Amino acid sequence: MALILPILLAVLASVLGGLYMLGMFRKRRPNEPPLDKGTIPWLGYALEFRNNTAAFLQRMQKKHGDIFTVQIAGYYFTFVTDPLSFGPIVREARTKLDFEQFAAELVARVFGYHSGTNDHKMLEKASTKHLMGDGLVVMTQAMMDNLQNLMLHNVGAGNSEGKWHQDGLFRYSYNIVFRAGYLALFGNEPPKGKEGLEAAKKHDRDHSDELYDEFRKYDKLFPRLAYAVLTPKGKMEAERLKRLFWNMLSIKRTLQKENISGWVTDQFQYRAENGMPEHMQDRFMFLLLWASQGNTGPACFWLLLYLMKDPEAMQAVSEEVQRVLKETGQEVKPGGPLINLTRDMLLKTPILDSAVEESLRLTAAPVLVRAVKENLNLKMANGKEYAIRKGDRVGLFPYTAVQMDPEVHPEPEKFKYNRFLNEDGSKKTEFYKNGKRLKYFTMPWGAGTTICPGRFFAVNELKQFVFLMLTYFEFELVNPNEEIPPIDPNRWGFGTMQPTKDIQFRYRLRY
Ligand code: HEM
């Protein structure tokens, strides 16, 4: 008996400790947002959140209103769904709401990369220098050269004129834009021997195509990898792919290329100066490849598809493209030089800009997450204040909160190419909710300190791709009546969405 009591007490203590760890005792305190732990201990709403983030958050918003705390895999997330109240979260000091902790855990799991100090600063510095302002002029030219190599290497060769090719529109767009973006950032094969430049260009085409195939394998595994729910077979494959990319993108290999972007070389240099071991820098390169190439290709697919399904939009964009070419004295003609699209030209396309913004509104859906470093009070736009606990997380999902809100964007499910244009043709930035002007009316790039540093380059890539498609190719859907495929709900939260299935199209060179 003397022995049984301590054993029973120990069992009771560990059961209570376990239940505590599982979050069973958490109660809503005064001034805290509504708390919903779900029915499964610890997991809470993890499964519903993962299966369809958008549907889950819409359901919770209906149930609880504009702010609520839900349990997801052991963490308590407070979601704010009123876009008028986004400001304080996006602008809150990092000492209170920090993004790096959450990001560091995720990148360690998915890329095997363990970040060092000043990581984010180094990324910001290289991005400001090379993906914005004057740096963007160089990057736009590099992207153009590589798009031409991939899309137009047959122009004038006489062997492909008039011949129709059939492909999946998603596959085609993703493949071309991934490869051109990769080559523009990570460099080209240097010309060697007597075959010289043409052989090097062919090498770029073949090598980037192989890399794309491997990247897509990883891309498909990505959501399950991020949620740590891969099968053992999936885990092995993800591990193989990670190693392959660490090796393919390693510093040693990359430095053998030419035309490597300043964005990539500066990252090498900053990290080396910061004492990061080379093998870890190789892993970082995979992260850069993912961040830079995982979204733009799918975004090009949606843009082209929306234009193809909307003849009025297609005509408006085509006329604008023709006008810009004419203004710069360029004409596409058989045997003539390839057109060049500079950064300056891409600044003169308000209609295409609006179409890009609109297709991103419909298909870019990141979840923005911040870790709560100290207890804080969150003031909502309606004046109410809520207490948020240290150790929790705060989340925003602008897709349902604002991008698809019919009050902000009437008929939100429709693609309206001129939604972001004023009557006088200038860029529209005035959108309202509850009669108040919104600062955050669409957020494909996130916001605040973590806003996508590649956004200007990405928009240029999208526009260059559309420009070249419209000027050099005839293209059409194989079945013009086929509906736009639905969004794959497994990828909510990771950036640009992908379709549940591809849609066949055919294309041929005009010249
Ligand atoms: C349509 C294309 C793209 C979309 C929709 C997109 C969207 C995003 C979003 C939503 C984030 C995270 C924001 C957050 O957590 O608050 C992000 C981060 C990032 N993006 Fe993009 N992106 C695109 C293209 C690009 C390109 C072309 C590059 C580089 C050339 C790039 C580089 C990055 C990097 C490095 C980060 C991490 C930033 C950090 O850790 O602070 N992205 N992007």
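Heads up, the Cβ atoms here are built off N, Cα and C, so glycines get one too.
Note: TrEMBL annotation is automatic and uncurated.
Features reported for this protein in TrEMBL:
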- Arg109, Asn295, Arg393: substrate binding site (BINDING)
- Cys452: heme binding site (BINDING)
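A Cα-Cα distance of 20 Å separates Arg393 (substrate binding site) from Cys452 (heme binding site). The two recorded residues, Cys452 (heme binding site) and Asn295 (substrate binding site), have Cα atoms 11 Å apart. Whole-number maximum of the Cα to Cα distances across the substrate-binding residues Arg109, Asn295, Arg393: 25 angstrom. Contact annotation for binding-site residues (Arg109, Asn295, Arg393, Cys452) versus ligand 1: Asn295, Cys452, each with CB under 6 Å from a ligand atom. The Cβ of Arg109 (substrate binding site) lies under 8 Å from the Cβ of Leu225, Ala226, Ala228, each of which sits 6+ residues away along the same chain. Mapped onto three states, the DSSP output places Cys452 (heme binding site) in coil.
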